[in-house]
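*Asks:* Structure incoming, see below.
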Amino acid sequence: MTQIIDGKALAQKMQSKLAQKVQDLKDKEGIVPGLAVILVGEDPASHVYVRNKERSALQAGFKSEVVRVPDSISQAELIALIDNYNKDCSIHGILVQLPLPAHIDDNAIILAIDPQKDVDGFHPMNTGKLWSGQPVMLPCTPAGIMEMFREYEIDLEGKNTLIIGRSNIVGKPMAQLLLNQNATVTLTHSRTKHLPELARQADVLIVAIGKGHFVTKDFVKEGAVVIDVGMNRDDNGKLIGDVKYDDVAEVASYITPVPGGVGPMTITMLLEQTYQAALRSVSK
Ligand code: GUN
């Protein structure tokens, strides 16, 4: 029997615990965790993601500030906006929604965020810390996937894990988090040769390639755990994952659905890390 990893339920459980922790922090220290989200331009998917982040932040009792700016904003103006939040003591986490318009250099923007407030874990200070084994802020999607493994007691020690997709947001940080749990990691991408054959060796398969229904049963060993990070639209505008769910569910032992799998966990980890940053600000 294939077991569905219910990201939505786990996210709800963690977010209601978090709301209690936020209330305690308010009562004991008078501090409200503050999250600032900056959204540049009109990308419809980004607008949906940001609205979901805002709604969850408010539900958990956070202060939430969302700044929506047109894609005519200059890089210098965007950096100035970030700098204001770097200095604002009521804001503990800053997130700039990606992708950014072509005239803005993502790296320059990420570098402008105070590493202590970088709740996405994208700043080189935080990626460097992750790779040298002293993680503080983690990229939220891989961190959310690790929570799913914990919740479902999926042991990673010595397992063959294979990631499809080498992005800075998911694939690369995922590799390090799996290594920290003593998994063996293969990091593959669009140029990898003989991918289905390689993937069939994996006990745990994590797919973040951004191509709808890319992974079929041919990629999956009987009994493997399959995590689908994909968020794509099919020709009818329906949200679909990178994994052909019905096909792969026939062979997988555990599988995440889309929607209701990884997505809600990403938001949960964003809030959790903002709360942790607020907590650290108390002891300063
Ligand atoms: N765009 C897609 N995923 C993410 C994410 O985790 N963080 C940010 N900032 N932008 C994204």
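FYI, residue positions are counted from 1 along the chain as it appears here.
Every residue gets a Cβ built from N, Cα and C, even glycine.
All annotation found in TrEMBL is predicted automatically rather than curated by experts.
These numbers come from a predicted model, not from an experiment.
Feature list, courtesy of TrEMBL:
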DOMAIN    5-120  domain 'Tetrahydrofolate dehydrogenase/cyclohydrolase catalytic'
DOMAIN    139-280  domain 'Tetrahydrofolate dehydrogenase/cyclohydrolase NAD(P)-binding'
BINDING   Gly165, Arg166, Ser167  NADP(+) binding site
*Asks:* Would you list the DSSP helix, strand and coil counts for the residues of the domain 'Tetrahydrofolate dehydrogenase/cyclohydrolase NAD(P)-binding' (139-280)?
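*Replies:* Counts, helix then strand then coil: 53 helix, 26 strand, 63 coil.
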*Asks:* Within 8 Å of the Cβ centroid of the NADP(+) site residues Gly165, Arg166, Ser167, which other residues of the same chain have their Cβ?
*Replies:* Ile163, Ile164, Asn168, Ile169, Val170, Gly171, Lys172, Leu187, His189, Ala208, Ile209
*Asks:* Mind looking up the mean pLDDT for the domain 'Tetrahydrofolate dehydrogenase/cyclohydrolase NAD(P)-binding' (139-280) in the predicted model?
*Replies:* 98
*Asks:* List the residues of the same chain that sit at least 6 positions away from Ser167 (NADP(+) binding site) in sequence and have their Cβ under 8 Å from its Cβ, in sequence order, or write 'none'.
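*Replies:* Set apart from Ser167 (NADP(+) binding site) by at least 6 residues yet with Cβ under 8 Å, we have Ala208.
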